[in-house]
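Colleague: Quick one: structure below, then a few questions.
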Amino acid sequence: MMISAAIVFLITFAGVYSQTTLTLPPLPYAYNALEPVLSEKLMHLHHDKHFFAYTNKTNMVLRLMCNETKNGDKLKEIGNLPIEIILTRLGELPETYGLSLRHNGGGYINHKLFFSLLKAPTATAAENKPTGVFLEALEKSFGSFDKFRELFSAASVNLFGSGWVWLYIDARTKTLVLNFTANQDNPIMFDKNHFVIMGIDLWEHAYYPVYENRRAEYVENFWRLVNWPVVSQRYIESQSKRSDL
């Protein structure tokens, strides 16, 4: 049976599309679950608008890469990889694709991680602390949990412009490191073997509808939201293998 060229194109395009389409993960809690720290309105804006936009724009770039004909099969090969892997190979891409994926693909994985690390708030930050081997690791690296929280908070309040503050396992030293990135950069863009444990979104869209210019208040209340069992599990996984963000 003869198949028309148009049908072949549609089948081919559908196949590429299915391999490169990212989905918008639903929040693992209700939109109002983080109140009063983060409002229901803010969560709709942050998740349904900003995260949604990063997802769609990343998908657009990946589809273009997978249908590119000027660079042989390399763009298609990279475009069909998991987004976490693609973001470790940005230097191999033409600048137009690389910059767009750095901003939008970075926004996708950063928000995917961020929302997964939050839970309903405790009454105070003092009530919400990690335990077990992760607490021991923080104490070994920073002296105490309180000292870690102090350093993380200071870095978050003082970060200029938009970006993130991260806690991650350094690929070279295998130790916990506290550092920041601008815009939607992620530590894995600088070394594919960094393992991100947790991070805080310091773009204004993450807090401005509730806190306006009071970033310090947002950072202080962030500690009421951290889901330490999830963060601790990421640390445990980092000791044996590298998993996707």
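Cβ coordinates are placed from backbone N, Cα and C, and glycine is handled just like the others.
As the structure is a computational prediction, the values presented were derived from the model and not from experiment.
Sharing the feature lines straight out of TrEMBL:
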- His46, His111, Asp201, His205: Mn(2+) binding site (BINDING)
- 23-118: domain 'Manganese/iron superoxide dismutase N-terminal' (DOMAIN)
- 131-234: domain 'Manganese/iron superoxide dismutase C-terminal' (DOMAIN)
- 1-18: signal peptide (SIGNAL)
Colleague: Tell me, how many other CB atoms lie within 10 A of the CB of His111 (Mn(2+) binding site), whichever protein chain they belong to?
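Modeller: The Cβ of His111 (Mn(2+) binding site) has 23 Cβ neighbours within 10 Å.
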Colleague: Mind tallying the domain 'Manganese/iron superoxide dismutase N-terminal' (23-118) by DSSP state, helix then strand then coil?
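Modeller: In the domain 'Manganese/iron superoxide dismutase N-terminal' (23-118), the DSSP-based counts are 62 helix, 1 strand, 33 coil.
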Colleague: So which one is it: of the binding-site residues His46, His205, which has the fewest other Cβ atoms within 10 Å?
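Modeller: Candidates: the binding-site residues His46, His205. Fewest Cβ atoms within 10 Å: His205.
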Colleague: List the same-chain residues at least 6 positions away in sequence whose Cβ sits under 8 Å from the Cβ of Asp201 (Mn(2+) binding site), in sequence order, or say none.
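Modeller: The list for Asp201 (Mn(2+) binding site) reads Asn110, His111, Phe114, Trp164, Tyr207, given in order along the sequence.
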Colleague: Counting each residue once, how many in the domain 'Manganese/iron superoxide dismutase C-terminal' (131-234) are helix, strand and coil under DSSP?
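Modeller: Output for the domain 'Manganese/iron superoxide dismutase C-terminal' (131-234) reads 50 helix, 22 strand, 32 coil.
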Colleague: Using the centroid of the Cβ atoms of His46, His111, Asp201, His205 as reference, list every other same-chain residue with Cβ within 8 Å of it (recorded Mn(2+) site), in sequence order.
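Modeller: Checked against the 8 Å cutoff, the neighbours are His47, His50, Phe51, Phe114, Trp203, Ala206.
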